[in-house]
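Record features, source TrEMBL:
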REGION    28-58  region 'Disordered'
TRANSMEM  127-149  transmembrane segment
DOMAIN    129-301  domain 'Amino acid permease/ SLC12A'
TRANSMEM  155-181  transmembrane segment
TRANSMEM  202-223  transmembrane segment
TRANSMEM  258-275  transmembrane segment
TRANSMEM  282-301  transmembrane segment
TRANSMEM  421-441  transmembrane segment
DOMAIN    423-696  domain 'Amino acid permease/ SLC12A'
TRANSMEM  461-487  transmembrane segment
TRANSMEM  507-525  transmembrane segment
TRANSMEM  561-579  transmembrane segment
TRANSMEM  585-606  transmembrane segment
TRANSMEM  618-635  transmembrane segment
DOMAIN    712-830  domain 'SLC12A transporter C-terminal'
DOMAIN    843-1047  domain 'SLC12A transporter C-terminal'
């Protein structure tokens, strides 16, 4: 713990701040709590460490008003103190922080003391963590099923089962300790730790699994309590009775359902009335558990000298149900007469010994009586070392006893002790694992602990160590003291319906029976108390919208609606009515939870985030991965189909939260993992430009903003191009100064993000402030992107109405952007007539996408239609490719070559070669970036194709020609502009003729002239080239190949 020394300093009224380097004036008074009632810290928090400030700038005006408030010793920082707290007030708030969940009081007696201060947490390791973990770990399985597991699996395999389960929970506890000691853990236990470590999606999915596990645990404990009640305490309370031995199982299950439902209702009422009663009885329930375990050890020690007298009756090598007869003999002596015993009458239809009609097996085998509890010194441990797995209905037999193997009568089956279910190693793992759960009890009580970061690791690991030793020693003691046939007798039928573990206890079997009954009732109450609170915590986080109603409760915060849902789900477990069937279900959910606890620790450790600084140092990512692997293995070992169901439930919840849940930024490890993966990938991409086969469309899309996004159909078109799995950066420029326009920038970014969300465009938004729009665009083109994820394509809209505009800056900015993209070797796309472009809800059922391939652009013209056709809007459109042949070209060979080229590109398209022989136009004249410095003489017939009259006719066909462009008519056109315009006119005629009904026309975009004096002519060329076409996409390649014929 660091030590701080506070030195009081006298205030000096005559300080001149002579020594600035050695200022020795210290003020440690809490200005946030004294003197000035209007002063509040302006730094707020949302409870998850995300701090926000009211203003990002210092307010000097306010500081002047509060000069008398601040000590002169902090005058240098008085403007900072307007928006940031002093160290003293910050430390005061941290010290007084309580991590008890607000609004959900743990005890109802707090209602009477609302005005009193909350008691500070003062529970230590023993009372706060160790004993609650013991109470939750020790439970119904230890008393009702462990002897049966030892008898069925044998000591060796039982050791293995205990080792697997306890190792899994120990590794999970180590991971949990690391997470719990990495900062303050608010009350909420496993859900809080996982959600804040792995994110809302994982947290919600695992939180629901943990909730379902806790709820089914309540059902399991209730079923255990009812089993003790009906089998060992009050057997005569059974409502349903078996008419024959075949109906015994259904009668037992129906009794369990009726009494289980009654018990669940009573427990729910107790929890609803007040949790304080449950908490007050917790110590009593824990005492019952400890006394019961001590009585087992005492009985085992006593059995060395004086084994308890529990004899079992064997017919041949078969075990008989002991409560159906009084004497273990075929005959009894009454006076001097030998008469049939009760056992004889059970197996024989006639009581006359002279002419008996008895069961064949009964006739040919002798009745023997052996000791059920031979004791620790008997050497019975050798017989119990290995397992004896049984099928359902198979009779329990003892190896080594003489027996004549003959079939007996079917009616006699009910007289033998038989297996009620088929057993296997995997089944026993699923049944035993719940007895290793409960390790989260300490973290769930973190709000009540004096020092949670110290108590949780020590208490939890000590509790697991203690319970593991108890389980190991119990396995050995049971195998060394109890006869194997009795161990395999699940319900104690061979020992007169006594609880098997109770036959070993001292001083009386009733100690175990009563103790285990109260401990299971207490564990059920604890589960019914904890599960609704967990559901309430998930609902209040608002990550699963449909659970929102369960966040509400009574006025004191008790989760009423959550308790109702918990009761309904627990009733489903009660209706299953079999402890052996319910146990694997909750094993799945707990294992799923533990798996993600280990995953959370491993991810945080491997990421090495700066905030990962656990006080618990004895962890390692390899241990976490081992624990995670063990959890996954145990899930599929115990029940593969339950494991698949649990994984599917968690997966569906994860996807639901991902698509429908509220966005939460909790600084979780998955986001950190994404950051690390992005960093790794970006560094790898820096090694060089991507290969042509890996080229993706990474778009920089420029939008103009007023109060909203102009031309949202542009964004729609960009979203339709995203089948290439590329990236989109939406950029915009605000004219002005950054310091004055920060708020406008934030609002603009939000408007763009909203529009991107509406159009379902995945990408990023970047709004910059610049004194000139063209400078801002140049900055975006140069600086956007990161490493290898820089944009390679620019999309911008056409400057509509550029002729009517009195301000030429709009179209000059457009041409400047074209020049910038050319200089940066970026591809360029300019959608024209964008208002006619389809929305994402429209479908083209027919039509064509026409590509006019004039000059080679690296394959962009080929690739773009293919990407568009991946979208549902354009999917049914066919692709046509046109190219232009001149006089010296062989058009037939061109068509064959182009078809072969497309076949090798794996692109399906119709091919057509258009001949423009009569125009005698050199196509390169329009698509050349170079201005021709030397004008060669041109033939008369070419001169006649461009006359002043024709030019005037073209201009008259266009409406509203502004005055500032009329002067162009009086200019004497040079030969370069004449040829470019002639090319544009003739090419437009051909395109309109061939593609007038096309859904979309893609066309090579000519480059702008290097001489800016010809910018007006360039805009006219583009207008002429695209005139009469409904939807046009002008495309300009970036100078590199984007498509290849190679695989």
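Cβ from N, Cα, C; glycine included.
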Cβ contacts under 8 Å made by the transmembrane segment (127-149) with residues that lie 6+ beyond its boundaries: 158, 161, 220-221, 224-225, 227-228, 282, 285-286, 289-290, 292-293, 428, 431-432, 434-442, 445, 448-450, 455-456, 458-460, 462-464, 466-467, 470-471, 474-475, 478, 482, 486-490, 499-501, 512, 516, 519-520, 522-523, 526, 579-580, 583
Tertiary contacts of the transmembrane segment (258-275), as residues 6+ beyond its ends and Cβ separation under 8 Å: 106-108, 218-219, 222-223, 225-226, 229-230, 237, 239-240, 521, 524-525, 528-529, 532, 558, 560, 563, 567, 570-571, 574, 577
Leading stretch by Cβ pairs under 8 Å, where the reference is the transmembrane segment (461-487) and the options are 202-223, 282-301, 585-606: 282-301
DSSP-derived helix, strand and coil totals, residue by residue, for the domain 'SLC12A transporter C-terminal' (712-830): 62 helix, 24 strand, 33 coil
Tertiary contacts of the transmembrane segment (202-223) (same chain, 6+ residues out, Cβ under 8 Å): 139-140, 190-192, 194-196, 256, 260, 263-264, 267, 434, 437, 440, 520-521, 523-524, 527-528, 530-531, 534-535, 537-538, 541, 543-544, 566, 569-574, 576-579, 582-583, 585-586, 588-590, 592-593, 596, 600, 646, 649-651, 653-654, 657, 661, 668, 670
The domain 'Amino acid permease/ SLC12A' (129-301) [mean pLDDT, rounded to integer]: 86
